[in-house]
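Q: One structure is given below, represented as structure tokens, and several questions about it will come after.
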Amino acid sequence: MVAAPIFGYLGDRFNRKIILSCGIFFWSTVTLLSSFIGKEYYWLFVLSRGLVGIGESSYSAISSTIIGDLYTSNSRTMMLSVFYLAIPLGSGLGYILGSGAKDAAEDWHWALRVSPVLGITVGTLILLFVPDPKRGSADQMEGHIHHSQSWLSDMKALAKNRSYVFSSLATSAVSFATGAFGMLIPIYLFRAQVVQKEVEACTKKVCSSRDSLIFGAITCVTGLLGLVIGAVATRFFRRKTGRADPLVCAVSMLGSAIFICLIFVVAKNSIVGAYVCIFIGETLLFVNWALTADILMFVIIPTRRATAVAFQSFTSHLLGDAGSPYLIGKISDKLQERFASSELWKFLSLGYALMLCPFIIVLGGMFFLATALYFLDDREKAEKLKKLMQQTPPSSVKAINHRQRKPPAQIRYTEIQLTPSAASSDRIRPPPHPAVLQDVRINARAAPSLALSKHRQQI
């Protein structure tokens, strides 16, 4: 999270493919090494898990900007949807592969030894085969575009971009909910089954992972459906309004809040009903993953996009999933302390705490509606800035104007017409206009012995 602004600064100024690959290699190596740390070095394990965020910051800040420079319009929306499919798909596979490796080896350390192999493989493929397009190439910005402004100037420009600010706050709301769900929903569903007397209460350190596996599978499927629905819906509504992107995000988030509220209503009596509400709620929530990045591409110029993505990632983690599991867990613990401890109250207290998520999601939907108000204006400003970036630099214009202040000497040619009757007088007819440059035209009507002459008058 903290490293995201650093990678955003580097991604706007240096080779993005190398930065991206190095970040993935670092993340994979640290993850693998952390699995060998003993319990007596717990502080080192915590530090290593924090360092994993450095690798995450590299590809989260840079990857989408490369896609933004390879595609545009509806094609860019579709490619961003495919890219952001990795978020729910990776999260879901993490639950499945991690719990599977833990159960197979009967050691949780092996859950940390699966993903590094995949990370190193992907990092190598990126380094070898993924291009690093010129910034602004998809926007038809010709020539080599240099980043001539400081990081502070970039941040000031982003702070004044209202579409960017509101969409970043909306992304933080989504991150808040998904972070809390990923950590606490499996626990909540397990406690619901305990209340329904379908399973026994867990007193061991390592409990059954069935709910984690089911939730992971649902996350994979809903992530795919949500991104596809978002891309198709945006493509359709762009024909009707230029504000389609933020409006689709707002409607999907408000609809998601309804079904997420229903989870806590039906879970006590029906686990299947709870899973159905989770499925619909997560599908609507994942609609806006790619669209948020597409909104950013529309309202931010190419030389500022990595910084914008990085700071958006920073704020979404800071205000979202970095603290939401702890906050909701703390609320649940405080509620449990006020009443006698029982399995029913453990279930209810966690449900009451998780009810904070739908309200945060509604707040995120309102932020997307605010984004829709300013989206067209900010998009137009970005287009104007991109056109100005392609024009001749001001210093070159001044040099050209300075050279044109003293024009070179002009030469005016006159036309001489000699006739037999006026050969001796050599009458010269002046040019029709003193500012026009003319070639000498001589009409010879005299005898062949009369010599022809050409006069040139220099002004």
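Just so you know, glycine gets a Cβ as well, placed from its N, Cα and C.
For reference, TrEMBL lists these features for the protein:
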- 1-382: domain 'Major facilitator superfamily (MFS) profile' (DOMAIN)
- 18-37: transmembrane segment (TRANSMEM)
- 79-98: transmembrane segment (TRANSMEM)
- 110-130: transmembrane segment (TRANSMEM)
- 164-189: transmembrane segment (TRANSMEM)
- 213-234: transmembrane segment (TRANSMEM)
- 246-267: transmembrane segment (TRANSMEM)
- 273-301: transmembrane segment (TRANSMEM)
- 348-376: transmembrane segment (TRANSMEM)
Q: Any contact between the transmembrane segment (164-189) and the transmembrane segment (18-37), i.e. 3 or more CB pairs below 8 Å with pairs at least 6 residues apart?
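A: These two stretches do not touch.
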Q: In the same chain, who gets a Cβ under 8 Å from the transmembrane segment (110-130) while lying at least 6 residues past its ends?
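A: Long-range Cβ neighbours of the transmembrane segment (110-130): 17-18, 20-21, 24-25, 27-29, 31-32, 34-35, 55, 66, 94, 97-99, 101-102, 104.
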Q: Restricting to the domain 'Major facilitator superfamily (MFS) profile' (1-382), report the mean pLDDT as a whole number.
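A: In the predicted model, the domain 'Major facilitator superfamily (MFS) profile' (1-382) has a mean pLDDT of 84.
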Q: Do any residues, 6 or more residues outside the transmembrane segment (273-301), come within under 8 Å Cβ-to-Cβ of it, and if so which ones?
A: 64, 68, 76-77, 80-81, 83-84, 87-88, 136, 158, 161, 163-164, 167, 170-171, 174, 177-178, 181, 185, 189, 192, 214-215, 218-219, 221-223, 225-227, 229-231, 233-234, 245-246, 248-249, 252-253, 255-260, 262-263, 266-267, 308-309, 312, 361, 368, 371, 375, 378-379, 381-382, 385-386, 389
Q: Which sequence-distant residues neighbour the transmembrane segment (79-98)? Criterion: at least 6 residues beyond either end, Cβ under 8 Å.
A: 63-64, 67-68, 70-71, 111, 114-115, 182, 212-213, 215-224, 226-228, 230-231, 282, 286, 289-290, 293-294, 297
